[in-house]
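Right, one structure below, let's go through it.
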Amino acid sequence: MPWSPLAALSWALVLRLLALLWPPGRGEACSCAPAHPQQHVCHSALVIRAKISSEKVVPASEDPADTQKMIRYEIKQIKMFKGFEKAKDIQYVYTPFDSSLCGVKLETNSQKQYLLTGQILSDGKVFIHLCNYIEPWEDLSLVQRESLNHHYHQNCGCQITTCYAVPCTISAPDECLWTDWLLERKLYGYQAQHYVCMKHVDGICSWYRGHLHLRKEYVDIVQP
């Protein structure tokens, strides 16, 4: 299931929609709903590891009256984790030019590799923005790297609920509580880096790190 209706639109329409969501006068900030890395993988049409070769500012559409711009990143795809049925070798990814429209700034012509998650638009172009999970590969934990191959997308039937304050509880057996913000005051803390929400044969979901069950302090959060 795609992250949003953006996947069904052309890239020019996506940019116009973002412009409506963040009009001039609202400020320069890009606002995104919190999502665990597992949710990002599940909700993205494409997940790849890549290096950025170059960038170029291009028009958002062929309409001469359209003044919107996009950044086209030329990439070298290293590995694809998701999206095999929709794309093969990705050469370019596109993002809004303005950071206020959630445009992504990536390093070009360096040895840095990135994990890129994004959507494949109706015209076949790959669209990324700041609300996707985009991280330098070297910053990912071993558990995150391994989970990209199997565990994340094999457990998309689990729901991850962000916990902001105690008490917080689950409302269904297929939910996992994400407590990084509560315990560490940051989203991508220890739990996001080292745990996967996995479904048991009985349909119950819970956090696992490899073969180890969730540490007790995370479980205790649900108690009033």
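Using N, Cα and C of the backbone, Cβ positions are placed for all residues, glycine too.
Over in Swiss-Prot, the protein carries these features:
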SIGNAL    1-29  signal peptide
DISULFID  CYS30-CYS102  disulfide bond
REGION    30-33  region 'Involved in metalloproteinase-binding'
DOMAIN    30-156  domain 'NTR'
BINDING   CYS30  Zn(2+) binding site
DISULFID  CYS32-CYS131  disulfide bond
DISULFID  CYS42-CYS156  disulfide bond
SITE      LYS69  site 'Involved in metalloproteinase-binding'
DISULFID  CYS158-CYS205  disulfide bond
DISULFID  CYS163-CYS168  disulfide bond
DISULFID  CYS176-CYS197  disulfide bond
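Between the CA atoms of CYS156 (disulfide bond) and CYS168 (disulfide bond) there is a gap of 22 Å, rounded to the nearest whole number. Here is what falls inside 10 Å of the CA of CYS102 (disulfide bond) among the recorded positions CYS32, LYS69, CYS176: CYS32. Looking at CYS131 (disulfide bond) and CYS30 (disulfide bond), their Cα atoms lie 8 Å from each other. Here the Cβ of CYS158 (disulfide bond) has 23 other Cβ atoms within 10 Å, regardless of which shown protein chain they belong to. The predicted model assigns the region 'Involved in metalloproteinase-binding' (30-33) a mean pLDDT of 88. For the recorded site, CYS205 (disulfide bond), the DSSP three-state label reads strand. Residue with the densest Cβ environment among the disulfide-bonded residues CYS102, CYS156, CYS176: CYS176, by other Cβ atoms within 10 Å. Candidate disulfide-bonded residues: CYS30, CYS42. Fewest other C-beta atoms within 10 angstroms, CYS30. Using a 10 Å Cα-Cα cut-off around CYS205 (disulfide bond), the disulfide-bonded residues CYS30, CYS42, CYS176, CYS197 reduce to CYS176, CYS197. Distances between the Cα of CYS197 (disulfide bond) and those of the recorded positions CYS30, CYS32, CYS42, LYS69, CYS163 are shortest for CYS42.
With CYS42 (disulfide bond) as the anchor, the candidate disulfide-bonded residues are CYS158, CYS168, CYS176, and the one with the nearest CA is CYS158. Considering only the disulfide-bonded residues CYS32, CYS131, CYS168, CYS205, the Cβ with the fewest other Cβ atoms within 10 Å is that of CYS32. Ranked by Cα separation from CYS168 (disulfide bond), the recorded positions CYS32, LYS69, CYS158, CYS176 are led by CYS176. Across the structure, LYS69 (site 'Involved in metalloproteinase-binding') and CYS163 (disulfide bond) are spaced 37 Å apart at their Cα atoms.
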